[in-house]
Amino acid sequence: MRKKYWVFSLISASAIILDQATKWLATRCIPLNESVAVVHFVNMVHVRNPGAAFGIMSQNSGAFQWTLLVLISVAALLIVLWLVARSDAIDGYILTAYAFFFAGAAGNLIDRLRYGEVVDFIDVYAGKYHWPAFNVADAVLCIGAGLLLLHSLRGGMRAPEQ
């Protein structure tokens, strides 16, 4: 197996394990819909989200939404695998971003298949404003997007000079 596959697999597996382990701890240590203060702007909570990342579509639920979100997750996983496979020379930022996208989609897909919804446990707030609760999978998706943005801002997406 080529080095990029080992690196991709290691990063993805590590992020998925971290995601699932932290969700397991949250479900075992915090009762559903309860909150534990950590520091002045972060609580650990145990909530369930039938929607997408950061509570998007969480007010609606049902078989259609569940099926749609599962299919979107599977499609995202397949697209990321295709992107990794088709790239002969891949930048470290891009490979890490792809691994984080894969891990984020996989982590939340695992929850959706196990529980019918996603476990969220990180509550960040400022005063009375609370960001929607999220989890490690959501965080690595955002970090992956940030890596792609940083890479493109640094000129990594330019066509090679001839």
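Numbers here mean position along the shown chain, with the first residue as 1.
For all residues, glycine too, the Cβ spot is worked out from N, Cα and C.
Taken from TrEMBL as is:
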type: ACT_SITE; residues: ASP120; note: active site
type: ACT_SITE; residues: ASP138; note: active site
type: TRANSMEM; residues: 63-85; note: transmembrane segment
type: TRANSMEM; residues: 92-110; note: transmembrane segment
type: TRANSMEM; residues: 130-150; note: transmembrane segment
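Taking the C-alpha positions, the distance from ASP120 (active site) to ASP138 (active site) comes to 9 Å. A sphere of 10 angstroms centred on the C-beta of ASP138 (active site) encloses 23 other C-beta atoms. Packing against the transmembrane segment (130-150) from elsewhere in the chain are residues 15-16, 18-19, 22-23, 45, 47, 49, 53-55, 58, 93-94, 96-101, 103-108, 111, 118-124: each is 6 or more residues past its ends and has a CB under 8 Å from a CB in it. In the three-state DSSP scheme, ASP120 (active site) is classed as strand.
Of all Cβ atoms in the shown protein chains, 25 besides its own fall within 10 Å of the Cβ of ASP120 (active site). DSSP gives ASP138 (active site) a helix state.
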